[in-house]
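Trainee: Supplied in structure tokens, the structure appears directly below.
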Amino acid sequence: MWYKQRERATRIGWFYAGNLSTSVVGGGVAYGVTFFEGSIEPWKFLYLILGALAIINGILVVLFLPDSPITARFLSEDERIAALERVRLDQAGTHNKHIKRYQITETFKDIRSWIMFLIIMCIGIPNGGNSAFSNIITKSFGWTSRQTLLLDMPRAAIGGFAVVAVGWLSDRLNDRMTLILIFMLPTLIGMIIMTTMQYAGQKGVLQFAQLFQNLSAPCFPLCYAWNASNTGGHTKKVTVNSFTLFTFGVGSVVGTYIFLPKDAPGYIPGKAAIVVLTAIMMCCCVAMAYVNTRWNRQKKIALEKLIADNNWTEEDVAREREKAAFLDLTDRENVFFVYTR
């Protein structure tokens with residue numbers, strides 16, 4: 001509702017980079033907290049600091065972040081109209097508080113929803129495992145607990161930079177799938193190295209491979225941008241986003257169970273599971289791009305038929321395109337909607 005199709009990956013990338021930056025700052029805070037001596041356990045003290053900051057930030061978001069240009073208090077009436085006009089040609093609709101049940105039904109009948117379900121699950125499970133066990137895995141290479149906290153900081157910084165850079169590049173190329181595949185490949189290679197060389201005594205090599213893991217950080221925000229660019233109809237967009245976040249949450253919970261205590265210290269089965277899930281996810285991305293490309297061809301044929309049947313001129317097409325932009329149509333209903341690869 002705020003950004004054009006060619007701006008969404010960049011914007012979501014900046015948003016998600018904030019999540020990764022917490023590991024950069026948090027790693028330094030956690031390192032400092034390990035020297036804390038008092039009645040409160042150091043890890044509890046860390047949660048109090050970061051938890052308070054999260055609550056304060058949440059309150060600020062509720063108070064000052066509008067849900068659409070229409071309700072933005074910092075915009076004048078003319079600026080609100082301009083904000084809506086700049087996204088009109090994307091044919092994605094605008095904010096609509098009416099729940100349309102048929103759009104919910106269409107979401108779950110859309111094959112892309114289920115392809116995205118598999119993609120997000122294959123991202124969420126490794127995310128949950130890595131988030132919960134990355135420090136333990138790093139320590140298993142032969143580092144101390146404090147060294148492990150510091151070594152996690154550059155890994156998060158790499159991920160944050162990659163998220164912003166890849167989001168920008170994705171918008172310039174108007175391509176999500178290719179970049180997801182490119183940046184999942186180092187993760188796949190790195191995890192294979194960590195699986196096969198765990199007990200080789202080469203902690204420098206293992207740590208370098210561990211750095212590769214956060215090069216895949218752009219993949220989830222790119223998938224989220226993929227949803228934003230390829231979904232029309234307000235109710236359908238909300239449903240798709242909710243389904244995506246729910247799937248990611250479930251995957252992240254499941255991911256904490258792929259690294260079992262009996263597999264310590266190498267956790268080889270868990271790492272092997274991530275290798276398999278990454279390969280499946282890459283195949284699903286190719287399938288998603290194929291469906292989007294195929295549907296674009298079908299829409300082009302359907303539009304050409306409409307033009308021929310109704311004898312539309314270029315002015316007629318422009319008028320109908322503009323009319324469709326604010327009808328809250330789904331991407332499947334709107335013949336003018338174009339999917340991003």
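The first residue you see is number 1, and the count goes up from there.
Each residue, glycine too, has its Cβ placed from N, Cα and C.
Under the heading transmembrane segment, TrEMBL lists 12-33, 45-65, 114-133, 153-170, 177-199, 205-226, 238-260, 272-291.
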Trainee: Can you name the far-off residues of the same chain, 6+ from the ends of the transmembrane segment (205-226), with a Cβ under 8 Å from a Cβ of it?
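Mentor: 8-9, 12-13, 15-16, 20, 116, 119-120, 123, 127, 130, 134, 137-138, 141, 143, 151, 154-156, 158-160, 162-163, 165-167, 170, 176, 179-180, 183-184, 186-187, 189-191, 193-194, 197-198, 241, 244, 248, 278, 281, 288, 340.
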Trainee: At a threshold of under 8 Å on Cβ distances, which of 12-33, 114-133, 177-199, 238-260, 272-291 pairs most often with the transmembrane segment (153-170)?
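Mentor: Maximum Cβ contact count belongs to 12-33.
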Trainee: Among 12-33, 177-199, 238-260, 272-291, point out the range having the most Cβ pairs under 8 angstroms from the transmembrane segment (114-133).
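Mentor: Per the Cβ under 8 Å count, 238-260.
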Trainee: Under 8 angstroms, Cβ to Cβ: which one of 12-33, 238-260, 272-291 has the largest number of such pairs with the transmembrane segment (177-199)?
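Mentor: When the Cβ pairs under 8 Å are tallied, 272-291 comes out ahead.
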